[in-house]
Amino acid sequence: MKDLLWKNIQTVKQQSPLIHNITNYVVMNNTANALLATGASPIMAHAHPEMVDMMNICQALVINIGTLDEYWVTSMKKAISQANQLQKPWVLDPVGAGATPYRDKVLAELVALKPTIIRGNASEIMALAKNNTSSTKGVDSSAESNEAVASAKFLAEKFQATVCISGATDIIINQKREIHLSNGHPLMAKITGMGCTATAIIAAFSAVIEDKLEATVSAMALLGVVGQLAAAESKGPGSLQINILDKLHSITEAEFISTLKITE
Amino acid sequence: MKDLLWKNIQTVKQQSPLIHNITNYVVMNNTANALLATGASPIMAHAHPEMVDMMNICQALVINIGTLDEYWVTSMKKAISQANQLQKPWVLDPVGAGATPYRDKVLAELVALKPTIIRGNASEIMALAKNNTSSTKGVDSSAESNEAVASAKFLAEKFQATVCISGATDIIINQKREIHLSNGHPLMAKITGMGCTATAIIAAFSAVIEDKLEATVSAMALLGVVGQLAAAESKGPGSLQINILDKLHSITEAEFISTLKITE
Amino acid sequence: MKDLLWKNIQTVKQQSPLIHNITNYVVMNNTANALLATGASPIMAHAHPEMVDMMNICQALVINIGTLDEYWVTSMKKAISQANQLQKPWVLDPVGAGATPYRDKVLAELVALKPTIIRGNASEIMALAKNNTSSTKGVDSSAESNEAVASAKFLAEKFQATVCISGATDIIINQKREIHLSNGHPLMAKITGMGCTATAIIAAFSAVIEDKLEATVSAMALLGVVGQLAAAESKGPGSLQINILDKLHSITEAEFISTLKITE
């Protein structure tokens with residue numbers, strides 16, 4: 001499995017897929033730099049008249065609702081519709097799911113368009129699942145970590161999506177498999193937009209890897225290992241952000257294979 | 001006083017207040033990272049349908065007009081109205097006050113909503129005061145630095161606000177007290193958005209410290225000391241930006257107490 | 001020539017021109033920091049009611065269509081109109097020219113307003129030229145690099161503009177002269193917005209240097225040399241971005257003169 005994941009990392013660098021990002025203002029610069037350092041090519045655009053054309057030339061799409069508003073939600077729907085038409089993968093990042101009724105209303109509309117992959121933290125994945133459960137039972141669970149897994153399974157089933165819960169342990173789930181990754185570092189939570197970066201890198205892998213669970217695992221494995229290695233050289237969250245970009249660009253096979261912790 | 005300020009810095013880290021930022025595109029990433037490094041939690045959002053709900057879950061609000069437009073000004077007013085309703089503090093950053101009539105018109109409307117705290121550089125504070133003086137005399141003063149203090153006192157009086165003039169010396173004023181801080185480093189002026197970062201950190205402190213002058217002094221003391229310590233390790237404005245984030249996260253009590261220069 | 005270019009670099013630092021940037025969300029922070037490190041002063045604004053007033057107080061204008069939409073295109077036209085009225089220079093960065101019909105339509109409208117300077121990569125300059133050729137012949141050329149030069153000459157002639165093709169070799173052309181710069185480093189292509197930074201620095205030089213070809217050459221020479229020197233100290237694209245800002249601020253005459261490779 002580790003060799004396969006490393007091969008996928010090389011595939012992204014070789015094919016350099018063009019990724020269309022409709023994402024939030026806070027992370028655009030970092031997201032673009034992370035895609036470049038991974039070997040992909042970023043496009044950030046949102047004008048209604050060019051959403052279909054942009055999707056035609058890109059291989060995958062990121063939908064991140066962090067700083068959504070009415071105009072941008074329409075941009076998202078136009079791009080998603082064309083991605084679905086062309087059967088190109090798109091990844092939903094439900095930033096702040098559950099924070100406001102508006103966010104939940106928009107998310108319900110977006111998730112109904114069937115994202116190929118969904119990535120969020122435990123709280124976002126649980127909110128997204130609750131938001132899409134009509135029964136009052138919801139997705140019950142005794143423990144919170146279990147509840148996130150139950151929520152992810154529910155979403156994977158209902159929308160035929162691959163779902164990634166990112167956190168201290170990243171959990172990637174589809175209707176058949178569940179894979180756990182235990183890399184990363186607590187300091188990564190002190191940088192804004194690490195999750196958004198993860199989502200964009202997942203999109204890059206989904207553009208060139210047929211199996212979307214494998215694509216998601218490859219992306220999260222890369223970022224987790226890179227973050228862990230970069231944290232070991234960092235004095236704080238500022239230098240960590242820089243070191244992650246450097247390491248995404250320079251990571252070797254030996255570093256990746258020896259650091260990665262994966263279980264299925 | 002120094003011990004009290006350090007205690008406040010710990011309070012922010014322990015309580016990790018959620019801060020709603022309606023701020024400019026240029027600084028969003030840095031502002032979010034600075035809030036995280038200080039121990040607070042940032043939210044950046046501006047969609048009209050969620051402004052009230054966002055304010056309900058946040059403990060303080062940043063209003064920064066740097067890249068304002070008609071939509072965003074309405075977002076600001078919606079969030080401010082709810083903050084006032086709930087008696088939650090909000091901090092006004094009058095970026096570019098005096099640069100254009102549009103900016104001054106919007107600022108007159110915002111300041112009339114009674115910000116808890118106002119932070120700007122000397123030029124902005126003077127422009128804001130002139131903009132709110134109906135008499136033709138305005139806020140006269142012989143020397144420019146004195147004029148900024150006179151302007152700050154005028155604003156503090158008229159709007160019952162705490163006012164911070166940031167610069168080589170930071171001056172924090174309310175209707176009763178005036179405190180001077182003499183930390184920082186000239187290279188900080190070569191990084192975009194240091195003032196915006198200051199405003200956001202003030203909001204974080206205002207969320208958890210009852211006395212708003214004390215909250216503002218704590219925030220400015222932290223950033224000034226951190227900037228000074230970070231500059232000593234930096235080769236230029238690029239590395240200074242990174243080192244400030246690292247030092248905000250790692251500063252020790254001994255570093256803070258021994259470096260801080262404060263007079264009342 | 002090298003001495004003249006260094007003198008121009010000092011002129012920007014001494015006069016610190018105010019540059020109005022209507023640019024894309026992805027690069028705003030870096031662009032502002034690069035202008036500050038070069039010695040200029042950035043303004044980023046786009047509200048329709050203040051476009052004329054902003055242009056009145058600024059010495060040059062950047063128009064970058066990276067994340068354009070309908071509102072921002074109107075902002076651009078308002079600012080350009082006032083710049084032309086006041087005979088202040090403006091620089092067009094045709095990001096993504098040729099990517100979508102909408103982008104090409106907007107670019108045709110903007111270029112017709114006669115930018116003082118146009119900067120793009122080879123692909124963008126070629127797309128912009130094709131987009132403005134009514135004959136079916138277009139701008140023919142056997143080899144691609146030659147085609148970019150032919151396109152630049154066509155644009156320089158048709159719009160009386162200085163045109164800069166940036167790449168491994170930067171080529172700066174007007175109706176009379178053609179200058180080549182061979183500095184920089186391949187890693188610069190792995191940072192988002194290096195081209196946008198180049199455009200903004202060109203605007204800063206165009207604000208204080210009368211000859212616009214000389215201004216463009218000075219700006220590109222500075223950034224190429226700085227990038228090359230910074231790359232030698234960098235571990236990857238993350239640290240390169242930071243080191244470029246540091247070096248823009250601290251570069252010495254000896255470093256500049258000994259590193260610069262220029263031919264006419």
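Cβ coordinates come from backbone N, Cα and C, glycine included.
As annotated by TrEMBL, substrate binding site applies to A:Met44, A:Gly193. Counting Cβ atoms from all protein chains shown, A:Gly193 (substrate binding site) has 26 others lying within 10 Å of its own Cβ.
What TrEMBL lists as ATP binding site is A:Arg119, A:Ser166. The Cβ neighbour count for A:Arg119 (ATP binding site), using a 10 Å radius and every protein chain shown, is 31.
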Number of Cβ atoms other than its own within 10 Å, given for A:Met44 (substrate binding site): 25
Spatial separation of A:Ser166 (ATP binding site) from A:Met44 (substrate binding site) - C-alpha basis, Å: 24
Nearest-integer angstrom distance between the alpha carbons (Cα) of A:Arg119 (ATP binding site) and A:Gly193 (substrate binding site): 13
Three-state secondary structure, A:Arg119 (ATP binding site) (per DSSP): strand
Other CB atoms within 10 A, centred on A:Ser166 (ATP binding site): 25
Distance, A:Ser166 (ATP binding site) to A:Gly193 (substrate binding site) (CA atoms, angstrom): 12
Chain C, Cβ under 8 Å: which of the binding-site residues A:Met44, A:Arg119, A:Ser166, A:Gly193 qualify: A:Met44
